[in-house]
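Heads up: the structure comes next, in structure tokens.
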Amino acid sequence: MMNHITVLGAGSWGTALATLLASKGLAVNLWARDAKFCAEIARDRENPRYLPGIKIPQEIKICADLPQALKKHQMIVLSVPSQSVREIAKAIKPYLSPETMIVNTAKGFETETLLRLSQVLCEELPTYCGEQIGVLSGPSHAEEVAVRLPTAVVVAANHQDVAETIQDTFMTPFFRVYTNMDLVGVEIAGALKNIIALGTGISDGLGYGDNTKAAMITRGLAEITRLGLILGAEAQTFAGLAGIGDLVVTCTSMHSRNRRAGIQIGQGHPIDQVLSKMGMVVEGVSTTRAAHALARKVGVSMPITEETYQVLFEGKEPVEAVTSLMSRCKTHEGEKEMLG
Ligand SMILES: NC(=O)c1ccc[n+]([C@@H]2O[C@H](COP(=O)([O-])OP(=O)(O)OC[C@H]3O[C@@H](n4cnc5c(N)ncnc54)[C@H](O)[C@@H]3O)[C@@H](O)[C@H]2O)c1
Ligand SMILES: O=P(O)(O)OC[C@H](O)CO
């Protein structure tokens, strides 16, 4: 177990995780880049913009000074949006020690490079590559973790001992952490479920029913698995917490920003307005762009991703996207479809 933890990013997830870690008696620093916002949440002991109604314990040190936040760390938890992970990795590099363990909690791909986020960290922090980097994923809405509702997640790393150290550090009676050695699969599953949540939200916004939602989740899992297998993931991972677990919670919960954005898009609201009003990251948008490019690059069929891409970036009407999905050529379900 690690005793000194620095959480980078005081959005919903960073704030919830900092609170969880502090509840275990660990020494927690919470860093936010904006000094004014930081001073406000340090003074009020609440983060009204990202996690309203949750008391931030006095024991958590909140600051906007990165060297100060990293002064006595053993573990760094990254809770910033996926497109900021490279920038943060560059910024923390001078302050790392050989023992530092890094846990990424963001879910996405880097859109410019199409890399998974642990690959981005490896590029920027080669000393830690494959050694002291782990990923925390699975069905876990900040709003529920913050009020200690029972939650089960998964931590993946290349080394069992790294995964187990992270497991011990995060595990509480209300937050159960499993280890998984399929880092590739856990990252791919965590990123791609947000596309399907957007698509499911769109279907809800159009007024479609539970049958449609079940179809989206099931066929979504099929295309996530298809891309994952080509990229080196293990099939079993998609049946686990990072796979079907996170897919179910994100496609059905009103806490999900991706699902809520999808609902509003399906109702006909302009996409730009929906995203700017959300005020929090909707990772599925950048992930749709990345997955669309990846699927083309490796030649994998991802019909829901394709239609979501067309709605988000090419102005296709949501109702036409659903019609396109329903009128695709007839096909079969099962092992054979995973091949192409
Ligand atoms: N909210 C959840 O329930 C939840 C659960 C699991 C995983 N995640 C993942 O965690 C990541 C963060 O999500 P969130 O919900 O906390 O988002 P959020 O929108 O609530 O907060 C993001 C935070 O990151 C900060 N930020 C943005 N760019 C930054 C940069 N370049 N440098 C420093 N800080 C920056 C923002 O100011 C904000 O404080 C996402 O990838 C998300 O998918 C979220
Ligand atoms: O609110 P969302 O849609 O970003 O989802 C948050 C978490 O990833 C759910 O596990």
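Any Cβ shown, glycine's included, is placed from N, Cα and C.
Keep in mind that what you see is a predicted model, and the values were worked out from it rather than measured.
Between the candidates Asp204, Asp246, TrEMBL assigns the sn-glycerol 3-phosphate site shared with Lys107, Gly138, Ser140, Lys193, Ser256, Arg257, Asn258 to Asp246. Proximity to ligand 1 (Cβ under 6 Å from any of its atoms) holds for these binding-site residues out of Gly11, Ser12, Arg33, Gly138, Lys193, Asn258: Gly11, Ser12, Arg33. Checking the binding-site residues Ser140, Lys193, Ser256 against ligand 2, the ones whose Cβ sits under 6 Å from it are Ser140, Ser256. Here the domain 'Glycerol-3-phosphate dehydrogenase NAD-dependent C-terminal' (182-322) returns a mean pLDDT of 98 for the predicted model.
A Cα-Cα distance of 8 Å separates Ala10 (NAD(+) binding site) from Arg33 (NADPH binding site).
In this structure, the binding-site residues Ala10, Ala142 were compared by how many other Cβ atoms lie within 10 Å of their Cβ, and the smallest count belongs to Ala142.
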